[in-house]
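Report on the structure given below.
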Amino acid sequence: MVNNTHFGGFILLGFPGQPQLEMIISGVVFLFYTIALMGNMAIILLPLLDERLQTPMYFFLRNLAILDLCYITNIVPQMLVNVWGKDKKISFGGCAFQLFTDVTLCTVECMLLAVMSYDRFNAVCKPLHYMTIMNPQLCRTLVAMTWGVGVTNCMILSPYAMSLPRCGNHHLDHYFCEISAMVKIACVDTTAMEETLFALCFFIFLTPLLLILVSYGFIAIAVLKIKSAAGRQKAFGTCSSHLIVVSIFYGTVIYMYIQPGNSPSQDEGKLLSIFYSIVTPSLNPLIYTLRNKEFKGAMKKLIGKEKRSLETTGH
(Lines of atoms letter the chains of each structure in order from A; the text may use other names.)
(Lines give C-alpha, C1' and ligand atoms only; values in the text may rest on other atoms or scores of the structure.)
Protein backbone atom coordinates (compact mmCIF):
# COMPACT_ATOMS: atom_id res chain seq x y z
CA MET A 1 0.00 0.00 0.00
CA VAL A 2 1.38 3.38 -1.03
CA ASN A 3 0.45 6.84 0.18
CA ASN A 4 -0.46 8.45 -3.16
CA THR A 5 -0.17 11.94 -1.69
CA HIS A 6 3.54 11.71 -0.90
CA PHE A 7 4.86 8.94 -3.13
CA GLY A 8 6.22 10.31 -6.42
CA GLY A 9 7.72 7.12 -7.82
CA PHE A 10 6.29 3.90 -9.23
CA ILE A 11 5.50 0.32 -8.20
CA LEU A 12 6.98 -2.22 -10.63
CA LEU A 13 4.38 -4.99 -10.57
CA GLY A 14 6.41 -7.54 -12.54
CA PHE A 15 4.22 -10.66 -12.75
CA PRO A 16 1.63 -9.95 -10.02
CA GLY A 17 0.18 -12.99 -8.25
CA GLN A 18 2.81 -15.33 -9.69
CA PRO A 19 5.66 -15.41 -7.13
CA GLN A 20 6.92 -18.83 -8.27
CA LEU A 21 7.16 -17.65 -11.89
CA GLU A 22 8.97 -14.51 -10.72
CA MET A 23 11.54 -16.57 -8.79
CA ILE A 24 12.16 -18.85 -11.80
CA ILE A 25 12.52 -15.85 -14.12
CA SER A 26 14.82 -14.05 -11.66
CA GLY A 27 17.08 -17.14 -11.45
CA VAL A 28 17.30 -17.32 -15.26
CA VAL A 29 17.91 -13.56 -15.47
CA PHE A 30 20.71 -13.73 -12.87
CA LEU A 31 22.36 -16.57 -14.84
CA PHE A 32 22.21 -14.64 -18.12
CA TYR A 33 23.40 -11.46 -16.39
CA THR A 34 26.49 -13.31 -15.13
CA ILE A 35 27.15 -14.68 -18.64
CA ALA A 36 26.69 -11.20 -20.13
CA LEU A 37 29.13 -9.63 -17.67
CA MET A 38 31.87 -12.19 -18.33
CA GLY A 39 31.34 -12.45 -22.09
CA ASN A 40 31.12 -8.74 -22.83
CA MET A 41 34.05 -7.91 -20.53
CA ALA A 42 36.13 -10.46 -22.47
CA ILE A 43 35.19 -8.79 -25.77
CA ILE A 44 36.09 -5.36 -24.36
CA LEU A 45 39.45 -6.37 -22.83
CA LEU A 46 40.89 -8.97 -25.24
CA PRO A 47 41.38 -6.58 -28.21
CA LEU A 48 43.41 -4.34 -25.88
CA LEU A 49 45.76 -7.25 -25.16
CA ASP A 50 46.06 -8.77 -28.64
CA GLU A 51 47.10 -6.67 -31.68
CA ARG A 52 45.38 -9.06 -34.10
CA LEU A 53 42.03 -7.96 -32.68
CA GLN A 54 42.66 -4.25 -33.21
CA THR A 55 40.70 -3.99 -36.46
CA PRO A 56 37.54 -2.04 -37.38
CA MET A 57 35.36 -5.13 -36.86
CA TYR A 58 36.55 -5.54 -33.27
CA PHE A 59 36.26 -1.79 -32.68
CA PHE A 60 32.54 -2.01 -33.46
CA LEU A 61 32.24 -5.28 -31.54
CA ARG A 62 33.77 -3.63 -28.44
CA ASN A 63 31.25 -0.80 -28.74
CA LEU A 64 28.42 -3.36 -29.01
CA ALA A 65 29.76 -5.12 -25.90
CA ILE A 66 29.90 -1.83 -23.94
CA LEU A 67 26.37 -1.05 -25.12
CA ASP A 68 25.08 -4.47 -24.04
CA LEU A 69 26.74 -4.16 -20.62
CA CYS A 70 25.10 -0.78 -20.03
CA TYR A 71 21.77 -2.05 -21.37
CA ILE A 72 21.56 -5.11 -19.14
CA THR A 73 22.96 -3.34 -16.04
CA ASN A 74 20.32 -0.62 -16.44
CA ILE A 75 17.59 -3.22 -15.91
CA VAL A 76 18.74 -6.35 -14.06
CA PRO A 77 19.92 -5.04 -10.62
CA GLN A 78 16.67 -3.13 -10.00
CA MET A 79 14.63 -6.08 -11.27
CA LEU A 80 16.36 -8.54 -8.91
CA VAL A 81 15.97 -6.16 -5.95
CA ASN A 82 12.23 -5.90 -6.66
CA VAL A 83 11.72 -9.65 -7.11
CA TRP A 84 13.83 -10.79 -4.16
CA GLY A 85 12.65 -8.09 -1.77
CA LYS A 86 9.24 -6.98 -0.51
CA ASP A 87 9.58 -3.40 -1.75
CA LYS A 88 8.81 -3.06 -5.47
CA LYS A 89 9.16 0.72 -5.52
CA ILE A 90 11.37 2.75 -7.83
CA SER A 91 11.79 6.51 -7.44
CA PHE A 92 10.60 8.91 -10.14
CA GLY A 93 14.22 9.87 -10.89
CA GLY A 94 15.30 6.21 -11.01
CA CYS A 95 12.43 5.36 -13.34
CA ALA A 96 13.17 8.34 -15.61
CA PHE A 97 16.86 7.35 -15.79
CA GLN A 98 15.92 3.75 -16.60
CA LEU A 99 13.47 4.84 -19.31
CA PHE A 100 15.84 7.40 -20.90
CA THR A 101 18.70 4.88 -20.89
CA ASP A 102 16.57 2.08 -22.33
CA VAL A 103 15.29 4.21 -25.24
CA THR A 104 18.77 5.57 -26.00
CA LEU A 105 20.58 2.22 -25.90
CA CYS A 106 17.91 0.36 -27.89
CA THR A 107 18.12 3.01 -30.63
CA VAL A 108 21.93 2.98 -30.63
CA GLU A 109 21.98 -0.83 -30.94
CA CYS A 110 19.73 -0.69 -34.02
CA MET A 111 22.04 1.86 -35.64
CA LEU A 112 25.23 0.09 -34.57
CA LEU A 113 24.11 -3.22 -36.11
CA ALA A 114 23.59 -1.35 -39.40
CA VAL A 115 27.07 0.19 -39.14
CA MET A 116 28.54 -3.26 -38.51
CA SER A 117 26.83 -4.57 -41.65
CA TYR A 118 28.47 -1.73 -43.63
CA ASP A 119 31.80 -2.80 -42.16
CA ARG A 120 31.18 -6.42 -43.27
CA PHE A 121 30.14 -5.17 -46.74
CA ASN A 122 33.51 -3.44 -47.19
CA ALA A 123 35.43 -6.42 -45.77
CA VAL A 124 33.85 -8.86 -48.25
CA CYS A 125 33.18 -6.70 -51.31
CA LYS A 126 36.21 -4.38 -51.14
CA PRO A 127 38.90 -6.38 -49.32
CA LEU A 128 41.87 -4.58 -50.92
CA HIS A 129 40.60 -1.16 -49.85
CA TYR A 130 38.98 -2.27 -46.58
CA MET A 131 41.49 -0.72 -44.13
CA THR A 132 41.63 2.49 -46.17
CA ILE A 133 37.84 2.88 -46.26
CA MET A 134 37.24 1.82 -42.65
CA ASN A 135 39.88 4.11 -41.21
CA PRO A 136 39.85 4.99 -37.48
CA GLN A 137 38.35 8.45 -38.08
CA LEU A 138 35.40 7.04 -40.04
CA CYS A 139 34.83 4.31 -37.43
CA ARG A 140 34.71 6.86 -34.60
CA THR A 141 32.41 9.13 -36.65
CA LEU A 142 29.98 6.29 -37.36
CA VAL A 143 29.81 5.30 -33.67
CA ALA A 144 29.33 8.95 -32.64
CA MET A 145 26.51 9.21 -35.21
CA THR A 146 24.69 6.20 -33.70
CA TRP A 147 24.85 7.79 -30.25
CA GLY A 148 23.65 11.11 -31.67
CA VAL A 149 20.56 9.44 -33.16
CA GLY A 150 19.96 7.51 -29.92
CA VAL A 151 20.09 10.59 -27.71
CA THR A 152 17.89 12.57 -30.15
CA ASN A 153 15.24 9.84 -30.19
CA CYS A 154 15.36 9.67 -26.40
CA MET A 155 14.89 13.44 -26.09
CA ILE A 156 11.79 13.25 -28.29
CA LEU A 157 10.03 10.30 -26.65
CA SER A 158 11.12 9.99 -23.03
CA PRO A 159 10.24 13.44 -21.56
CA TYR A 160 6.76 13.26 -23.10
CA ALA A 161 6.18 9.74 -21.75
CA MET A 162 7.30 10.72 -18.24
CA SER A 163 5.15 13.87 -18.21
CA LEU A 164 1.86 12.18 -19.16
CA PRO A 165 -0.83 12.66 -16.43
CA ARG A 166 -1.38 9.46 -14.42
CA CYS A 167 -4.09 10.63 -11.98
CA GLY A 168 -2.31 9.06 -9.02
CA ASN A 169 -1.71 5.70 -10.70
CA HIS A 170 1.77 4.54 -9.64
CA HIS A 171 1.44 0.87 -10.61
CA LEU A 172 3.54 0.07 -13.66
CA ASP A 173 2.62 -3.35 -15.09
CA HIS A 174 6.18 -4.30 -15.99
CA TYR A 175 9.48 -5.27 -14.35
CA PHE A 176 11.25 -2.08 -15.47
CA CYS A 177 10.31 1.41 -16.66
CA GLU A 178 9.54 0.64 -20.29
CA ILE A 179 8.01 3.31 -22.53
CA SER A 180 4.91 1.40 -23.74
CA ALA A 181 4.07 0.39 -20.14
CA MET A 182 4.44 4.04 -19.08
CA VAL A 183 2.03 5.19 -21.80
CA LYS A 184 -0.58 2.58 -20.75
CA ILE A 185 -1.01 4.02 -17.23
CA ALA A 186 -1.74 7.55 -18.49
CA CYS A 187 -5.26 8.80 -17.71
CA VAL A 188 -5.57 10.91 -20.88
CA ASP A 189 -5.97 10.06 -24.56
CA THR A 190 -2.54 8.80 -25.69
CA THR A 191 -3.42 8.20 -29.35
CA ALA A 192 -1.04 10.91 -30.55
CA MET A 193 1.77 9.55 -28.35
CA GLU A 194 1.18 5.99 -29.54
CA GLU A 195 1.19 7.09 -33.20
CA THR A 196 4.42 9.04 -32.65
CA LEU A 197 5.96 6.05 -30.87
CA PHE A 198 4.95 3.72 -33.72
CA ALA A 199 6.28 6.11 -36.40
CA LEU A 200 9.63 6.58 -34.65
CA CYS A 201 9.96 2.84 -33.97
CA PHE A 202 9.15 2.16 -37.61
CA PHE A 203 11.85 4.59 -38.75
CA ILE A 204 14.46 3.75 -36.09
CA PHE A 205 14.10 -0.03 -36.47
CA LEU A 206 13.30 -0.54 -40.14
CA THR A 207 15.66 2.02 -41.73
CA PRO A 208 18.78 0.33 -40.28
CA LEU A 209 17.25 -3.07 -41.09
CA LEU A 210 16.83 -1.98 -44.72
CA LEU A 211 20.49 -0.89 -44.82
CA ILE A 212 21.50 -4.26 -43.34
CA LEU A 213 19.49 -6.16 -45.98
CA VAL A 214 20.99 -4.07 -48.80
CA SER A 215 24.52 -4.64 -47.47
CA TYR A 216 23.98 -8.39 -47.23
CA GLY A 217 22.42 -8.43 -50.69
CA PHE A 218 25.70 -7.10 -52.11
CA ILE A 219 27.67 -9.47 -49.85
CA ALA A 220 25.66 -12.47 -51.14
CA ILE A 221 26.37 -11.47 -54.75
CA ALA A 222 30.10 -11.08 -53.98
CA VAL A 223 30.25 -14.45 -52.17
CA LEU A 224 28.52 -16.26 -55.08
CA LYS A 225 31.21 -14.91 -57.44
CA ILE A 226 33.97 -16.56 -55.38
CA LYS A 227 34.96 -19.77 -57.20
CA SER A 228 36.58 -21.73 -54.37
CA ALA A 229 34.40 -23.35 -51.71
CA ALA A 230 36.98 -22.44 -49.03
CA GLY A 231 36.84 -18.80 -50.09
CA ARG A 232 33.05 -18.74 -49.94
CA GLN A 233 33.09 -20.39 -46.53
CA LYS A 234 35.61 -17.85 -45.20
CA ALA A 235 33.59 -14.92 -46.55
CA PHE A 236 30.39 -16.31 -45.07
CA GLY A 237 32.15 -16.93 -41.74
CA THR A 238 32.99 -13.24 -41.39
CA CYS A 239 29.29 -12.35 -41.59
CA SER A 240 27.40 -15.27 -40.07
CA SER A 241 27.77 -14.16 -36.43
CA HIS A 242 26.49 -10.68 -37.22
CA LEU A 243 23.55 -12.11 -39.17
CA ILE A 244 22.54 -14.31 -36.22
CA VAL A 245 22.68 -11.34 -33.80
CA VAL A 246 20.65 -9.16 -36.20
CA SER A 247 18.02 -11.90 -36.66
CA ILE A 248 17.55 -12.42 -32.91
CA PHE A 249 17.43 -8.71 -32.00
CA TYR A 250 15.28 -7.45 -34.86
CA GLY A 251 12.98 -10.46 -34.87
CA THR A 252 12.06 -9.90 -31.23
CA VAL A 253 11.77 -6.09 -31.42
CA ILE A 254 9.68 -6.10 -34.61
CA TYR A 255 7.32 -8.72 -33.18
CA MET A 256 6.89 -6.66 -30.03
CA TYR A 257 6.63 -3.09 -31.34
CA ILE A 258 5.78 -2.98 -35.03
CA GLN A 259 4.13 -6.25 -35.95
CA PRO A 260 0.99 -5.95 -38.10
CA GLY A 261 -2.31 -6.70 -36.41
CA ASN A 262 -2.69 -7.16 -32.67
CA SER A 263 0.18 -6.38 -30.32
CA PRO A 264 1.37 -9.01 -27.82
CA SER A 265 -0.50 -9.47 -24.54
CA GLN A 266 0.91 -7.72 -21.46
CA ASP A 267 2.56 -10.86 -20.02
CA GLU A 268 3.85 -11.90 -23.44
CA GLY A 269 5.25 -8.40 -23.91
CA LYS A 270 7.07 -8.63 -20.58
CA LEU A 271 8.62 -11.98 -21.52
CA LEU A 272 9.67 -10.61 -24.91
CA SER A 273 11.22 -7.59 -23.15
CA ILE A 274 13.22 -9.97 -20.95
CA PHE A 275 14.43 -11.75 -24.07
CA TYR A 276 15.63 -8.73 -26.07
CA SER A 277 16.91 -6.70 -23.12
CA ILE A 278 18.55 -9.47 -21.03
CA VAL A 279 18.95 -12.71 -22.98
CA THR A 280 20.14 -11.11 -26.25
CA PRO A 281 23.04 -9.13 -24.65
CA SER A 282 24.12 -12.43 -23.06
CA LEU A 283 23.98 -14.36 -26.34
CA ASN A 284 25.86 -11.75 -28.40
CA PRO A 285 29.33 -12.44 -26.91
CA LEU A 286 28.76 -16.21 -27.11
CA ILE A 287 27.73 -15.99 -30.78
CA TYR A 288 30.73 -13.84 -31.72
CA THR A 289 33.39 -15.63 -29.66
CA LEU A 290 32.36 -19.25 -30.28
CA ARG A 291 32.32 -18.72 -34.06
CA ASN A 292 35.48 -16.60 -34.30
CA LYS A 293 38.85 -18.32 -34.65
CA GLU A 294 40.86 -15.15 -33.95
CA PHE A 295 38.98 -14.49 -30.75
CA LYS A 296 39.31 -18.09 -29.55
CA GLY A 297 43.03 -17.96 -30.40
CA ALA A 298 43.48 -14.76 -28.38
CA MET A 299 41.60 -16.32 -25.45
CA LYS A 300 43.79 -19.45 -25.52
CA LYS A 301 46.90 -17.28 -25.76
CA LEU A 302 45.81 -15.25 -22.72
CA ILE A 303 44.95 -18.39 -20.71
CA GLY A 304 48.33 -19.89 -21.67
CA LYS A 305 50.13 -16.79 -20.42
CA GLU A 306 48.23 -16.94 -17.14
CA LYS A 307 49.15 -20.62 -16.67
CA ARG A 308 52.82 -19.97 -17.35
CA SER A 309 52.75 -17.00 -14.97
CA LEU A 310 51.21 -19.14 -12.20
CA GLU A 311 53.72 -21.91 -12.79
CA THR A 312 56.61 -19.44 -12.63
CA THR A 313 55.21 -17.93 -9.43
CA GLY A 314 54.74 -21.42 -7.96
CA HIS A 315 58.38 -22.33 -8.61
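The backbone N, Cα and C atoms fix where each Cβ goes, glycine too.
For 23-46 (among others), the entry in TrEMBL reads transmembrane segment.
Taken from TrEMBL, the feature domain 'G-protein coupled receptors family 1 profile' applies to 39-288.
If one looks beyond the transmembrane segment (58-76) by at least 6 residues along the same chain, the residues whose Cβ comes under 8 Å of a Cβ in the stretch are 29-30, 33, 36-37, 39-41, 43-44, 47, 98, 101-102, 105-106, 108-109, 112-113, 115-116, 119, 136, 139, 143, 175-176, 277-278, 280-282, 284-285, 288. If you look up TrEMBL, you'll see 58-76 (among others) marked as transmembrane segment.
Annotation source TrEMBL lists transmembrane segment at 96-118 (among others).
Same-chain residues lying 6+ beyond the ends of the transmembrane segment (138-162) with a Cβ under 8 Å from its Cβ atoms: 56, 59-60, 63, 95-96, 99-100, 103-108, 111-112, 115, 118, 179, 182-183, 193, 196-197, 200, 204. Marked as transmembrane segment by TrEMBL: 138-162 (among others).
For 197-224 (among others), the entry in TrEMBL reads transmembrane segment. Listed by sequence, the residues of this chain that lie at least six past the ends of the transmembrane segment (197-224) yet keep a Cβ under 8 A from its Cβ atoms are 107, 110-111, 113-114, 117-118, 120-121, 124-125, 149, 153, 156-157, 179-180, 183, 232, 235-236, 239, 243, 246, 250, 253-254, 257-258.
Taken from TrEMBL, the feature transmembrane segment covers 236-258 (among others).
If you look up TrEMBL, you'll see 270-290 (among others) marked as transmembrane segment. Sequence-distant neighbours of the transmembrane segment (270-290) (same chain, 6+ residues past either end, Cβ-Cβ under 8 Å): 14-15, 25, 29, 32-33, 35-36, 39-40, 42-43, 61, 64-65, 68-69, 71-72, 75-76, 102, 174-176, 178, 241, 244-245, 248-249, 252-253, 255-256, 264, 296, 299.
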